[in-house]
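Peer 1: After the structure tokens below, expect a handful of questions from me.
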Amino acid sequence: SQTDLRQTFFTDELYSMQKIPFLSNIFNCLFSTGTSDPFIKFKLDGKNIYKSKVVNKNLNPIWNELFSFPIRDLDQTLHLKVYDRDLRSNDFMGSSSFPLNKLELDRIIPLTLPLEDPNSVETDMGVIILENFNRARNFCLWLRLSDALKQSMISKKNQVWTGIYTVILVEGQDMPDCGQGDIYVRLRVGDQRVRSKNLCIKANPQWRESFDFNHFQDAQENLMLEVCCKRGRKSEECWGVLDIDLTRLPVNQRQLYTCVLDPNKGKLVFLVTMTPCSGASISDIQSAPLDNLKTLQETQEKFRLMNCLRDLKDVGYLQIKLIKATDLPSTDISGKSDPFCTLELGNSKLQTHTVSKTLNPEWRTALTFPIKDIHDVLVLTVYHDDGDKAPDFLGKVAIPLLTVSNGQQITRMLKNNNLSRTTKGSITLELNVLYNPVRAGLKTFRPKETKFAEDNPKFNKKLLARNIYRVRKISMAILYTLQYIKSCFHWENTQRSITAFLMFVVTVWLWELFMLPLFLLLLIGWNYFHITPGMASYSQDLVSSLFFLSFQESEKKGLMEKIHMIQEIVLTVQNTLDEVACIGERVKNTFNWSVPFLSFLACLVLFLLTAALYYIPLRYIVLVWGVKKFTKKFFSPYAIDNNEILDFLKRVPSDVQKVRGQRQGRNSLKMSALFALTEFPSVTQDISSGCV
């Protein structure tokens, strides 16, 4: 009934998450001519979120339906598409859209959405009229924001954070242990979102992950945790949503939470700690903190080498003097832009003010960040402020902290969004980095901070080709190294082979375990003295530029050449995955006696190897193996190279080959029986009489 729907809909529990319930109690679609069986699909962020029922043979259909859907931000557009159900296919009848950022808090907005179809000759495709409970003829969308979203809007106005919430996701308890799939947790404080790693469904999953969230001054923030289970590609189920009030959290005291999820979904255990944090600020360039002698001395004293064990999480301090940008691209009709700049360091973000109507803005702003990881990269992005619309991208610069020269004014050319090529414009700034090397070194061996969640990644042909190119480059380097070692075994260069043989004998005879890190140390030292940083960076830039030039050339290719390129990429991935899967399955089938003869042979070899290693020192066995490899060319000049382990594994069938073999065996058995029955009728008679 409508009363039950109204009572169910307007409850506080429904608004524990940020949701937009679409109050579509009665839909009226008015079409011009003909008859139809219409239904409506709702799409948000490229995904279908709801499909209405079909109203048969009606030009003015009425749907008595209600649904709600959670959203994560308001920068999205709700798309409505009307279809006519047909036995063969669904005919498109028109569409309409509504941007969600036009909604107002706790207010019903009446709208009439006209339908449009660019491929139709009809100018009037009809309209969609949605009515509320009072049956007013309008389209009603009700928006109620959660407290977390309200506080995120406040935090956007107040950029400077004064503390850090550290959330340690420990484990789940008494969760359903049924079926296959993954379980994960979404965490959110304001507009800061992260997602835990995926674990297999079991009763007590162990995450053991740590996440940091910034605490903004004067913000009443809540910690939202959503436990989700995903089975398959599109099937996702929510096991419970937790809302934790962080305002009463004591400072520097770890709080343990064991919260119950939905009925029969178990519990979630996590820890929360509030730690004060100083170091983030925005000021005029004339009032830069490090320009004050007292502040500079205090900061240097804080990060002295002797104070390395005082606060291990506070690694360093970064000050940016953002001076100006020049020759930016124009975005307005007047040939000007309204640029502002955002600065990101890890998950921390600050923003400058907007300079109106100019292509050469001068911000003259000093911004400071506390450094959590010296390996972070400072990312400066310049945007055009387009009012209520999303800002337009103008350029980006990325500067690793370890490459900063303190006190030097630098000018960097702006690049495109993926930093692959330069664009129009440049930015001028001055950087100062103060850090404690001991804390930075210890942080290097700790888990890296999890980046805040971004949009779902989409398939990119260029990105796939680039990743395959990178893997191929590494595999080619390994292949060349193996070919070089093989050339020493084959005595292609006598002097090189003699040197390699003597080094091998001496190393094996005198080998001790400490020599392994010593060898790696010497290798790094060798590269330090023979590779200059300038030449290394130049070669890297040269390789990357050549690589992206090849991509630009690929864009000029015809359609068939692009199709062949994609086929080649997919074929390479397919073959690589097949080889890796076959090796893993063959090792498994060796141990589970899929082929008893091969498993028995493996047991015999392992027994002999165990006895040999028990009675003979390992260095003698390796020495005999190496001498045999180096002298094989002299005793058997035309011998074929082989790898005994891989040759053995190729005899073991993979799972696919086992299934094929079983099918062929059944088919051959059927054919043999059919042949016996047709060629030997006496056998058939004996079988029928039970005399076999």
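Quick reminder: no glycine exception, Cβ is built from N, Cα and C everywhere.
Marked as domain 'C2' by TrEMBL: 1-113, 145-259, 299-414. Among the features that TrEMBL reports, transmembrane segment is placed at 501-529, 597-616.
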Peer 1: Report, as numbers and ranges, which residues of the same chain sit near the transmembrane segment (501-529): CB under 8 Å and 6 or more residues beyond its ends.
Peer 2: 488, 619, 622-623, 626-627, 630
Peer 1: Which residue counts does DSSP give the domain 'C2' (299-414) for helix, strand and coil?
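Peer 2: DSSP classes over the domain 'C2' (299-414) add up to 10 helix, 55 strand, 51 coil.
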Peer 1: Per DSSP, what is the helix/strand/coil residue tally across the domain 'C2' (145-259)?
Peer 2: 11 helix, 65 strand, 39 coil
